[in-house]
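Visitor: Would you mind keeping the following structure in view while I ask a few things?
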Amino acid sequence: MAYVYSNALNVSIALIVFGLIQIGMFVSCLFGCFAAFPMDFASPAWSGGLSVFAGLFGIFMICSYKEIKWGKLFFFLSIVAMVTSLACIIITAGHTMVNEYALADAEAREGYEPGSRGTFIATGLAINGAILVFGLILLICSCYATWLNCCCDNRPSKGYVMTLDTVQTENAYVTLTVPAEPRAQ
């Protein structure tokens with residue numbers, strides 16, 4: 001696969017958008033969950049914040065035409081975003097959702113006789129479910145950003161200019177010639 005300049009733009013925008021959604025989910029969990037900040041170790045805020053930073057860095061890298069020079073740092077930031085998204089998914093699914101269910105169930109049973117309970121409030125479970133969904137989307141976006149800048153991606157040497165010569169067609173076949181070295185100007 002040949003390297004394409006500005007190929008990190010779409011994934012950088014996706015990292016910013018879904019990172020902001022993760023931060024928004026963390027803020028909404030502060031107000032709508034029984035198991036708020038101490039239970040989830042602020043993992044949605046960390047994964048969202050680092051993803052937004054990686055996305056902003058990717059856009060800055062593209063706008064300044066420094067993709068070859070700063071691509072390795074964008075690769076590292078994408079891996080960090082991927083690891084923090086995975087940690088957010090694991091913490092939310094394995095710890096926060098279990099505690100949220102237990103606290104919501106205890107709240108529903110409070111003041112009622114054994115064997116009965118009041119209204120079960122599932123707002124926190126829904127918010128944590130949304131954190132899981134958007135964390136998975138963020139994980140996929142950061143995996144894609146990592147893949148875009150992996151070492152298997154053939155990048156042109158610095159200063160390489162690709163020019164297309166006039167082509168002739170014969171029997172619907174197109175011949176395309178690309179010079180191996182840049183032309184002298």
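Each Cβ is built from the backbone N, Cα and C atoms, and glycine gets one as well.
What TrEMBL shows for this protein is this:
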| type | residues | note |
| --- | --- | --- |
| TRANSMEM | 12-37 | transmembrane segment |
| TRANSMEM | 43-62 | transmembrane segment |
| TRANSMEM | 74-98 | transmembrane segment |
| TRANSMEM | 118-148 | transmembrane segment |
Visitor: Taking a Cβ cut-off under 8 Å, which residues six or more beyond the ends of the transmembrane segment (74-98) line up next to it in the same chain?
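Guide: 8, 15, 19, 22, 35, 39-41, 43-44, 46-47, 50-51, 53-54, 57-58, 61, 125, 128-129, 131-132, 135-136, 138-139, 142-143, 145-146, 149-150.
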Visitor: Which sequence positions outside the transmembrane segment (43-62), separated from its termini by at least 6 residues, show Cβ-Cβ distances below 8 Å to it?
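Guide: Beyond its ends, the transmembrane segment (43-62) has Cβ neighbours at 6, 8-9, 11-16, 18-26, 29, 70-71, 73-74, 77-78, 80-81, 84-85, 87-88, 91-92, 131, 135, 138, 141-142, 145.
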Visitor: For the transmembrane segment (12-37), could you work out the same-chain residues 6 or more beyond its ends whose Cβ comes under 8 Å from its Cβ atoms?
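Guide: Contacts with the transmembrane segment (12-37): 44-45, 47-52, 54-59, 62, 78, 81, 88, 96, 99-100, 103-104, 107, 121, 123-124, 127-128, 130-131, 134-135, 137-138, 141-142, 145.
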